[in-house]
Amino acid sequence: MKCINKMRLLCLCGIAAVFMSGCGQTAVSYDNPYDIYSTSADYGLASEGAGSEKTYFSQNLCVADNVNIGNDTTDSQVAEGAGTFNLATNTVTYAQNIYEKLYPASTTKILTAYIALKYGNLEDYVTVSENAADQASDSSVCGLKAGDVVQLKDLLYGMMLKSGNDAAIAIAEHIGGSVEGFADMMNQEALAMGATRSHFVNPNGLPDENHYTSVYDLYLIFQNAVQNQTFLDIISTMSYDVVYTDVNGAGVEKTWENTNQYLTGKEKAPEGITVVGGKTGTTGAAGYCLVLYSYNASGQPIVSIVLKADGKSNLYLLMNEMLSGFAN
């Protein structure tokens with residue numbers, strides 16, 4: 001037994017010596033040895049700079065908890081939802097039910113315009129369909145007729161200034177092939193922006209229980225739209241003269257006025273506030289709505305939103321209170 005144990009001990013010592021000596025082989029030299037401090041880019045697994053700085057979805061967005069901010073100092077009771085967002089500091093300075101599901105009315109057309117500018121050609125000529133021209137008598141329209149041929153650019157002005165539901169349908173059919181196809185695009189684009197509390201079924205915002213958004217989602221959509229200079233040019237226009245042809249080729253001349261009372265001069269913005277433009281919206285279900293883009297006294301861009309106000313005068317009352325006290 002003792003001899004066997006000695007033999008085992010000798011074997012173990014021999015094996016250990018082999019490992020310690022590297023089996024007697026010469027060390028291998030690699031052209032590109034792994035370094036624990038190297039990055040994926042060093043090994044061609046990612047482009048230079050990729051991963052060196054993480055960009056998070058909310059990095060350049062205003063983010064707020066589901067709490068109200070400042071509404072105890074305003075006439076907040078006149079509207080269901082409202083919010084003020086400073087795009088320079090990425091802060092929510094006023095919040096009133098900003099995540100509540102609400103009907104957007106014609107503020108829907110902000111997303112319609114965004115998609116048209118993203119995917120459409122402004123020089124395209126669009127033939128107005130029967131479906132687009134067939135709007136209710138009490139509907140906000142540009143007065144388009146079936147067979148009219150209008151440039152896409154002109155339709156955008158008609159939709160955003162005059163709030164033409166006929167223009168919105170014509171745009172949707174031209175870009176999406178149909179209203180349903182365009183609504184799919186709207187939902188895809190909204191989701192990509194992070195507007196997860198929204199669903200759209202038409203391009204103009206006419207009432208439908210499956211057509212809804214929130215103050216915060218409208219902020220997300222609008223802040224994307226205002227990055228397009230053409231969009232800013234449109235919403236800041238007080239009136240627009242247009243010439244197009246009817247079904248017989250005859251010229252038609254119209255002037256479309258902006259429904260935003262800050263631009264028409266019927267309402268005055270608070271001191272230090274420069275209004276650029278925005279979009280109004282009104283239906284029985286949605287109440288009075290306004291999405292506004294302006295600059296504060298420091299030159300910082302501000303998005304302010306009021307949804308479901310109980311009247312036009314109260315809509316602008318609350319908007320002015322928000323701009324006076326919370327556009328900072």
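Glycine is treated like the rest: Cβ placed from N, Cα and C.
According to TrEMBL, the active site, acyl-ester intermediate annotation covers Ser106. Sequence-distant contacts (6 or more apart, same chain, Cβ under 8 Å) of Ser106 (active site, acyl-ester intermediate) comprise Ser140, Ser163, Asn165, Asn204, Gly205, Lys279, Thr280, Gly281, Thr282, Thr283, Cys289.
Taken from TrEMBL, the feature active site, proton acceptor applies to Lys109. On its own chain, Lys109 (active site, proton acceptor) has Met159, Met160, Ser163, Ala168, Pro203, Asn204, Gly205, Lys279, Gly281 as residues at least 6 apart in sequence with a Cβ closer than 8 Å to its own Cβ. Under the three-state DSSP scheme, Lys109 (active site, proton acceptor) falls in the helix class.
Annotated active site per TrEMBL: Ser163, in sequence order. Just so you know, the Cβ of Ser163 (active site) picks up 27 other Cβ atoms within 10 Å once every protein chain is counted.
What TrEMBL lists as substrate binding site is Lys279. According to DSSP, Lys279 (substrate binding site) sits within a strand segment.
The domain 'Peptidase S11 D-alanyl-D-alanine carboxypeptidase A N-terminal' annotation in TrEMBL covers 85-310.
TrEMBL lists 1-26 with the feature signal peptide.
Other C-beta atoms found within 10 angstroms of the C-beta of Lys279 (substrate binding site) number 30, with every protein chain shown included.
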